[in-house]
Amino acid sequence: MTDYGMVIDLERCIGCNACAVSCSQENNVSLDKQWNRILTEGGDAMDTPEGSYPENGRDGTLSMNHLPLACQHCDNAPCVKVCPVNATYKRDDGIVEIDYDKCMGCRYCMSACPYNARVFNFDEPKTLPTDGTGNVEERKQGVVEKCTFCSHRVEEDLDPACTVACPADARIFGDLDDEESTASRYVEKYETEQLLDELETDPNTYYIRGEMSPGRTRSGNELEGTEKKAVGNPNGVATDGGDGQ
Amino acid sequence: MPMSEQDGVGVSRRSVLLSAGAAAGMLGLGGHSALQSLTRDETDAAVEGLFDETQVLNTACAPNCRGKCPLNVHVRDGQIKFVEPQMTDDERYRRGCLLGQSHVQRVYSPKRLKYPMVRADWEPGAPNPGGRGEDARFEQVSWDDALQYVADEMRRVRSEYGPESVFFHTGSGDNGMGTTLFGRLASMFGGTQQSWSIDSNVGVGFNRITGHGFFLPPTNESADWVNANTIIVWGSDLFKSQFQNDASKVLDAIESGAKLVVVDPVYTTTASKADLWLPIKPGKDTHLALAMIHTVLADGSYDDAFLRERTTAGALVRDDTDEMLRMRDLEGDADDDRVVGIHAETGEPVPLEPDTYAEIELFGEYEVDGIRATTGLSLLEDHVADYSPETVASVADLDPADIKTAARWLATRGPGGIAPSYALGRYKYGHVFGQTYAILLALTGDYGKSGTIHAQHPAGTTLNSGEYGSPDGAPGTQSLSMHEVPAALEDGEPFPIKAIYGMESNMLANQFPNRQRWHDLLENVDMFAMADFHRTPTVQHADIILPAAHWFEREDITDAWGSHPHISHRTKAHEPLWDARDDYHIIAELADKLGYDDLFLDDKRAELRKIASNDDRFDFDELRRKGNVRVEDEAAGIKYTDPFPTDTGRIELYDEDHPVEDDGTVLDLPRPIEDRTATDHDLADEYPLLFMQKHSKWRIHSQWADNAMVRKFNAEPTLDIHPSDARERGIDDGDYVRVYNDRGEVVVRASYNEGMRPGLINIDQGWWTDDYVHGSHQDLTHMEVNDLAPTFAFYDVRADVEPAPETIDTSKYTAPESADWLEGYPNGGDN
C-alpha cells in the first residue's frame, strides 16, 4: 500500500511563503483564499515576535517561529466522518480529497477540521488571469476546498508544488508505508510532532521541532531513500530554446 | 503528442493576442477576458492531458536581488500558467522565492502598459513640465510617432546643449541584456550615464583596506557557506529578503554546527534562528566592530600566521610622517617602495612581499636607521583601547559578554565571517564600518579560504560582453553619480540635463530620496521618456511612455552578479501583450531614427549571439538548450586567494593615506562617525525616532508592488513600531498614523511589533506612491551624502509619529469596493 505524507522541518522553515504562493498558483486558489498558510507563532501580526525587547542587550523574551499549515491528511479525519454526502473521502494512497460535484457546501467539514485547513467559496473564485493559472479541476461557488497534496502532480510522479518551491529544503513528501522512503527516514530519525495529536486524528503531516534536519539537499545525504522527482514537464521540456513553440 | 507536431499552440497564442489587443480588454478581475473565452472550452481537456499540453520553457528571474534564479515557465494554450525553479547545471542552485514564483500575476497585471503614449499637454518645444504628475493625462500614439519624438528631442538637445545633456538612465530593474544594449546606443550617441550613489558605501570602506569592494565586497559562492563555522549576519534579515532563495546554504551550515550571530536592532526572522542576537542601537556598528577587534587582541586569538603573510600588521609606520616605512627610507634603492618589518630573530629590517610569510614582529616600537616607527598592529591596539567591550556595550546598549562571545566564536572556531547587507551603508558614514570589519576579518584570518564570508552577496558571474558596449566610432559616454544629478538638473553643473530616456527603473517612487525635490528638479527637463512594462509612479511622471515586454515575453541572456555561478537563458513564452515591445526592438528602432542604422542587427537572437560570442565560457546554442550553464569553476567561488590589489599586495590595516571625512575625522584607523543616529544630534529632540525602510520579502525594491498574488499576503503599507513608542503617542495597533519630519510626511497604518527596538520605526520600502493613502516613504528621506563614499543615507533619517488627521481618506483600504491593485488605472493603458 501507499500512504502519502509530508515532513516539514520547522527549524528550517523561514516563513518565506514561497510554498504558499506556489500552492496557490498550481491549484488555482482564489486570491481571497489560501490552502497553505504560513502562521507566525509569535506576535499578533505576521512575522512579529511575542515577548519583550531586551534591555542593555539582555533579558529579552522575544520568540518567533513559523508554522506552515494546510490539510494534514489525517488517517482518522474528522472531516470525512461528518460529510453527509461522502464528498470528502480518504483515498487509498492516504490523500484526503473532495469530490466537488458531490459537495453541497454545508461546511460541516469546516467545523469538524481542528486545523482550520478548509476554505469555502462564498463567491465565485477570483484569480488572475481570470481563467486561472493552475492545472486542476475548476471549483465553483458554494463548494469547500483544501490542499490535495497536489494529487494531480503526485499521479504524474512529481512532488507537490510546495515541496518543489521551498528554498529552505524544509519539506519532504513521500510514502510513509515505505520504510525506506526519504520521508519515512526523516520521521524515523528526527523528533516529529503531529499537530493536536491528543485529538487522535493521526495526521499524515509530521513536523520536525527541536533538532534541525539536514534538509533534502540537492546533492543528497544519508537520508535519501527515494529517487528525487523530476521538475518541469517530463513529457515536454523544450530542448530547442523554444523554437518549437 | 510531440511538441513539434503541436502547431495548435502557436495558432491559439496568436489568435488570443489579437483578440485581447482588439478588445483592449483588461485582464483584471471582473472584466471579461478574451483569453478566458478562448480557452475555457479547453479547460477540462487541459487538466486531463496536463503534461501533454504544457510546454515547459526556460527563463530566468533577475531583479536586483541575490537570486537571479533560473525558472521553468509552464505555457499552455498560449498562456503562462505556472512558474517553478529550474534545475541548474550545478544542482545546488535550483531555487526560487515567492516573487520568482508569482510572475504569472506580473505578466497579466492590470497595470501592464499597453500602448505608446504621450502626455496630452506635452509637445516638442512646449514641454509644459508643470503638467507632469499624478493627474497627468496621456494620449495613445503609434510607436513610430513616439520614437520619433524621442529621437528628435535627443538630437535637438544634443545640438543645443551638447550630447552629455541627454541622460540615458537605467535602474537595477532587470539583469538581462537590456542595459548592455542601451549602453551601446548611449555610447554611440555620446550621452550621459549614471554611476551609483546607492549602496556603494560599506564596500568603499572595505576597499581602502583590501583593494576590493565598491558595492559590498566579494564573498565566496553560497554553496561554500556550509563550510563556515561562525556566520555573523550584520544588519540583514537574509532569511526574509533578497537571500531567502539561498536559505538552505545558511541552514545547512547551522545544521552542521555553525554558530549564527545576528547583529540587528530588530528581532527579525534571521534573529529568530540565531545562537546569539545582538540587539544593537542603530548607528553603533563601527563601535561594536572595534570592540570585537579589542577582544581578539586582548585574548591574543588573532591569526598571527595570516597577519604575517597577507597583511601589513607588522609593517612599520613612521612616527614622524605617519606613513609606512619603506625600503627606500633605509639604505635601499630610491625606487624600492616595499614596506618594512622587523625580523623576529635577527631584529633587522626586512621588506614585505605580497602573500609571502615573513617572520616579523607584529607588535612594538623600533628605531631603524634613526627613524622611529611602530607596527601597524601596535597602532591598532593602542587605538582600540578606547573601545573595550564594556565601553562599547554602554554606547551600543549591549551586554559586554555577548560582544566577547561573538568575537571569540569568529576568532577561534575556524573559518567564518561577517555578512553585512546594504543596511549599514544606508547610514551616512557606513564606509567606516566597511573599513573596520575588513580589519577584524584580517585579524581572524578569514580571507581566501573555504568557509570565509564577507558579504550578503555571494560570488556569481558576469557575462563578458567584450567591446560590445563601445562600438567603433562611438564617442563614449559621460558619467554622473546619482547625487550629482540634482546640480546638473538645477544649475547646469557640470553640464545641463535636458532630455532623459529611462528604463528598468522606478526611481521616483522608491530609489531616490526626497521624492518631492526630484519632481521639482525634473521641471528643468524638456523630454522625459520611460520604457517599462508597468505603469509605475515614475512612468506616470514621464512625458513619453514606451510599453516594454515582460521578461518572459522576450528571448534574453541573464547573468548573475552577486548571486550564483550560472549564465541563464530566457525563452520567449509568448508575444508581448498588446502593443508592448521587447526593449531591444525599442532601442534598435530609436537607433535607426537617430541615424545609427547599422548599430543593431534587428534580429534579437542574432544580437544575443553576437554579445555572447565575447564570452568563451559557454556556447550560446548550448545555453538555449539547457537553460543555464555553470561558467565559473569551483576555485573561482573562493575569493581573496590572490595578492590583494593594494600598494603592498597585502591587507593594509593602517591607512597611510589618512582619508578625512567632512567633519574632520581622520581615518588612518577606523573612528566611528555618526550623523542623525547620534543621541545629541540637533534634530533628536524634535524628531526622536529613527526611520528606516527595510527590504521585505514581498518586493525587490519596488518590483512586485502591483502583484495580486503578493498583495494577497501583504496588502497595505504599515509602520512597524514598538508598542511603547506607539502608546506614548496615543496610537493603537492598526490606527492610521502620520509619520513626518521637516521634509515630508506619509500616512500608513501602525503595526505593533515587539521586535522593533524602541526609538526605531520602519516602513518596508518598495510601495508605489498610489499604494499610500497619503505621501510616500521617500518624502521623509534626504540627499545629504558623505565625502569619501557618497551614497544616499536612507536610514539616517529622523522623524516622529502622531495619529493621522481625521481628514485623511483611508477608504481605499478600510472600505474598498475592490482592491485597486486588481483594477485598471483610471486613465490606464487603454485610453
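Placement of Cβ uses the backbone N, Cα and C atoms for every residue, glycine included.
Note: TrEMBL annotation is automatic and uncurated.
Residues or ranges marked as compositional bias 'Basic and acidic residues' in TrEMBL: A:219-230.
Annotation source TrEMBL lists domain '4Fe-4S ferredoxin-type' at A:4-34 (among others). Within its own chain, the domain '4Fe-4S ferredoxin-type' (A:4-34) is flanked in space by residues 40, 47, 65-68, 70, 73, 93-95, 119, 121, 125-128, 132-136, 138-139, 145, 147-150, 153-154, 160-176, 183, 186-187, 190, 192, 204-213, 215, which lie at least six positions past its ends and keep a Cβ under 8 Å from the stretch.
According to TrEMBL, the domain '4Fe-4S ferredoxin-type' annotation covers A:60-93 (among others). Same-chain neighbours of the domain '4Fe-4S ferredoxin-type' (A:60-93): 1-6, 8, 10, 13-15, 19-20, 23, 35-43, 47-54, 99-100, 102-104, 106, 108-118, 144, 146-149, 151, 154, 162, 170-171, 194-195, 199-205, 207, counting only residues six or more beyond its ends whose CB sits under 8 Å from a CB of the stretch.
Broken down with DSSP, the domain '4Fe-4S ferredoxin-type' (A:94-123) shows 5 helix, 5 strand, 20 coil. Positions annotated as domain '4Fe-4S ferredoxin-type' by TrEMBL: A:94-123 (among others).
According to TrEMBL, the region 'Disordered' annotation covers A:206-245.
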Is the domain '4Fe-4S ferredoxin-type' (A:94-123) packed against any residues at least 6 beyond its ends, judged by a Cβ distance under 8 Å, and which are they? 2-5, 29-30, 33-35, 69-75, 77-88, 137, 139-149, 151, 154, 176-177, 195-196, 199, 201, 204
Predicted model, mean pLDDT over the domain '4Fe-4S ferredoxin-type' (A:4-34): 96
By DSSP, what is the split of the domain '4Fe-4S ferredoxin-type' (A:60-93) into helix, strand and coil residues? 5 helix, 9 strand, 20 coil
Reported in the order helix, strand, coil, what are the DSSP residue counts of the domain '4Fe-4S ferredoxin-type' (A:4-34)? 9 helix, 6 strand, 16 coil
